[in-house]
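Report on the structure given below.
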Amino acid sequence: MKVLFCILKEPMANGSTSEDFCSILKDMRENNETSNKEVNMVVVIVHGFFSCFGILENILILWMVGFRLQHKTVASVWVLNLAFSDFLATLTLPLFTLYLYQSQSWEVGDILCKIQTSIFFANMFVSAFLLAAISLDRLILVVKPFWSKEHRTVLGAWKLCALGWLWAAINTVPYTVFRSVIKRKDGRNMCYHNFALLSSSRATVERNCKVRQEATAISKLLLAFLCPLGVIVGSYIQISLRLMDRNRRRRRQTSFVLPNPRPPNTSLTTRINSILFKQTASNDPVNLSSNTPINSSQINEKQLSPCFIRMVTFLIAAFILCWGPYHIFCILEVVAHYHIPTRYAVEKWLPIATTISFLNPVLDPILYVFSCPQFCVRVRQSLGAVFDTLVREDDEMLRPFGNSRRAHRWQQSFQRVEPEVPM
């Protein structure tokens, strides 16, 4: 520690010193407040429990989705990448638990500080990217059914996920560069962003702090929250409108009545109805309107698993609830440069908002599992069956009949699930 402190005091070649800090950081360094030891120990125990639980459950998800699934689908690729991102994030939770245990002092060095920060922000950007990609994937299934049948592949999903990881890595670079271990006046250490680093002179420190703080806060708010959220909301609005329109057309088709100005003939009506019902029940349904083909939507709706739609809805809700407070306080941190009283609120509540955001990778695996209907029944049969159902994209799980014992089990598990996408 003495060596590190000596290095911090060395002057830089450009005339400023590495002890130049932003005004907010100066206030944080002088803050000597510590939480109650008993309360802090309770927080450490709870945080440690969730750390271990999050790691174990994400390992279980990775094992199930990566090695135990019988059907590799596009949906399974989305879930696997989300689970891997969450697994990396939960691996850093013990470091934060150790920080809390040591009276909120970072004692594991600058390298682990940067690694923990990089994984935290990579998880944030990847999760947002993948949730937006999943929403667009669902939209394409509805809007372009024939195109998606030909071009929507597992390999294509992997390529898109690789692009998402590259996108996250690029956006994580500024947070890694400006992260460092900073010593408080009372001897404790902080792992925090120091936007005064790489300043050309002491005169430009405060200006650089404001510009960099604003750029990073606004960019992550837009790229990791608002823009993905806009894509998600827009996609599901389009899906809902398209499916509502199809439902209206189907109702018109099923209520089709032949025009007959003469008094109704009961026997003739009976014969017409029997012909219509017989043809509708056959494998070749009657197309009552040449301008609105019935079969154009059947390809994709079979792949829109209600289980998967429910899971995505839960994941989006958890993403908003866990990451929303964090982004709000990051914007308030920008305001704190111009409004001094806001600094104390940010210093108090931003760590709490960050802790809430850490809950997202812990909650996701629970949502993967409990979004499946009749979970308790199938978990006794096989955990693999749960995830096989979750990412299944064909209509096998919705068929009312099946010759095999396994098909009968699927039918039993989904007997209350309507083969329609929830609005």
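Every residue gets a Cβ built from N, Cα and C, even glycine.
Among the features that TrEMBL reports, domain 'G-protein coupled receptors family 1 profile' is placed at 57-368. Look at TrEMBL and you will find 42-65, 77-100, 120-141, 153-170, 221-243, 307-329, 349-370 tagged as transmembrane segment.
Within the same chain, residues 124-125, 128-129, 131-132, 135-136, 138-139, 142-143, 171, 316, 320, 323-324, 327, 330-331, 421, 423 sit at least 6 positions outside the transmembrane segment (221-243) and bring their C-beta atoms closer than 8 Å to a C-beta of that stretch. A Cβ distance under 8 Å defines the sequence-distant neighbours of the transmembrane segment (77-100), meaning residues of its chain 6+ beyond its ends; these are 40, 43-44, 47-48, 50-51, 54-55, 58-59, 61-62, 65-66, 106-108, 112, 115-116, 119-120, 122-123, 126-127, 130, 133-134, 137, 154, 157-158, 161, 164-165, 191, 315, 355, 358, 360-362, 364-365, 368, 387, 390-391. Computed over the domain 'G-protein coupled receptors family 1 profile' (57-368), the whole-number mean pLDDT of the model equals 82.
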